[in-house]
Amino acid sequence: MADEIAKAQVARPGGDTIFGKIIRKEIPAKIIFEDDRCLAFHDISPQAPTHFLVIPKKHISQISVAEDDNESLLGHLMIVGKKCAADLGLNKGYRMVVNEGSDGGQSVYHVHLHVLGGRQMHWPPG
């Protein structure tokens with residue numbers, strides 16, 4: 001976890017990201033779901049027995065810069081996350097998280113929804 005915090009503290013918005021490369025299929029990912037608006041794939045550094053990301057294909061660097069016309073797309077990410085969680089057997093519950101900015105732990109500046117499950121989640125989370 002400390003490694004992710006360190007990455008978040010030095011990450012900055014702008015430019016291409018690893019998620020752009022995954023969307024363009026330039027680098028591999030364990031894809032769970034894909035449609036014309038988003039992509040869901042397993043996290044390469046899972047923080048729970050099941051941990052996947054749902055990302056929009058349209059680049060939006062942060063929730064804080066999302067526009068009103070992104071509302072449907074951002075809602076779609078949550079619906080896809082719910083469906084993928086069900087497909088992966090997370091029937092006892094799961095957590096959805098969006099990290100915003102360096103203090104929020106955002107290490108990749110392309111909006112992404114974390115879905116974590118397969119164990120009891122604790123509160124507070126961080």
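Positions of Cβ are set from backbone N, Cα and C atoms, glycine also.
Marked as N-acetylalanine by Swiss-Prot: ALA2. Positions annotated as domain 'HIT' by Swiss-Prot: 18-126. Per Swiss-Prot, the feature N6-acetyllysine maps to LYS21, LYS30. Residues or ranges marked as AMP binding site by Swiss-Prot: ASP43, ILE44, ASN99, GLY105, GLN106, SER107, HIS112, LEU113, HIS114. According to Swiss-Prot, the phosphoserine annotation covers SER45, SER72. Annotation comment: Swiss-Prot describes 110-114 as motif 'Histidine triad motif'. As annotated by Swiss-Prot, active site, tele-AMP-histidine intermediate applies to HIS112.
Distribution of Swiss-Prot features across the structure.
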residue	record	DSSP class
LYS21	N6-acetyllysine	helix
LYS30	N6-acetyllysine	coil
ASP43	AMP binding site	coil
SER72	phosphoserine	helix
ASN99	AMP binding site	coil
GLN106	AMP binding site	coil
HIS112	AMP binding site	coil
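Same-chain neighbours of the motif 'Histidine triad motif' (110-114): 17, 19-20, 43, 47, 51-56, 59-63, 66, 74, 77-78, 81, 95-99, counting only residues six or more beyond its ends whose CB sits under 8 Å from a CB of the stretch. Spacing of ASP43 (AMP binding site) relative to LYS30 (N6-acetyllysine) is 8 Å (Cα to Cα, whole number). Those residues noted as binding AMP (ASP43, ILE44, ASN99, GLY105, GLN106, SER107, HIS112, LEU113, HIS114) have their most widely separated CA atoms at a distance of 17 Å.
Across the fold, the C-alpha of LYS30 (N6-acetyllysine) and the C-alpha of SER45 (phosphoserine) stand 12 Å from each other. Within its own chain, HIS114 (AMP binding site) has ASP43, GLN47, HIS51, PHE52, LEU53, ARG95, MET96, VAL97, VAL98, ASN99 as residues 6 or more apart in sequence whose C-beta sits under 8 angstroms from its own. The recorded positions under consideration are SER72, ASN99. Their Cβ neighbour counts within 10 Å are lowest for SER72. Of the listed recorded positions SER45, GLN106, the Cβ environment within 10 Å is emptiest of other Cβ atoms at SER45. Rounded to a whole number, the distance between the Cα atoms of LYS21 (N6-acetyllysine) and SER45 (phosphoserine) is 17 Å.
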